[in-house]
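One structure below.
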Amino acid sequence: PMGSERTEIRKRQMATTSETPGAAQAQLSTGNRGSNACCFCWCCCCSCSCLTVRNQEEERARRTSHELQAEGIPNCEESPAPTLEEVNAWAQSFDKLMLTPAGRNAFREFLRTEFSEENMLFWMACEELKQESNKSVIEEKARLIYEDYISILSPKEVSLDSRVREVINRNMLEPSQHTFDDAQLQIYTLMHRDSYPRFMNSAIYKDLLQSLSEKSIE
């Protein structure tokens with residue numbers, strides 16, 4: 001009897017051993033199919049590395065956008081509400097638009113809709129730099145302007161030609177209030193030729209003009 005029991009146990013062990021490789025191979029095959037399915041279809045598989053990377057990139061983009069909106073730049077300059085005469089004057093020339101805080105605010109609001117607000121922000125930063133006289137403050141502000149608007153790594157980089165960039169790089173060796181003068185002029189010209197005509201035909205300008213006209217009639 002003991003011998004027969006040992007024989008039965010040995011048979012069961014052999015049978016289990018012979019089935020295990022097949023079962024393991026089946027599990028491996030199923031696992032591979034699952035992994036491929038995650039990579040080549042948009043399923044919700046948490047363990048899929050390609051989706052993890054994609055989600056991380058999207059989160060990084062969302063975080064960058066949020067940081068740009070919340071980094072402390074004021075939405076507008078402090079200024080009294082524009083008069084009808086002022087708003088009409090904006091249509092006469094770009095210079096008259098840019099001379100008043102109310103004009104810059106309205107134009108900046110329009111640039112924001114075109115995702116080119118960095119042009120106005122850069123121009124304003126250059127104007128602020130020109131008001132400084134302290135050498136250490138000038139150097140610090142020049143560095144920040146370079147990092148924010150000139151560096152190719154910045155999401156707020158403005159569009160400048162290679163000649164102007166070379167001038168800036170030379171000027172940054174000894175920053176001054178006029179380090180970005182050429183760049184500021186180029187951006188001013190770009191806004192004048194490219195964005196200003198569209199602003200004059202935009203709903204932002206027309207609605208403001210209409211509301212002020214209606215108030216003047218009342």
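Heads up, the Cβ atoms here are built off N, Cα and C, so glycines get one too.
Keep in mind that what you see is a predicted model, and the values were worked out from it rather than measured.
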Segment assigned the feature region 'Disordered' in TrEMBL (from 1-27, 163-189): 1-27
Residues in the domain 'RGS' (93-209) grouped by DSSP into helix, strand and remaining coil: 86 helix, 0 strand, 31 coil
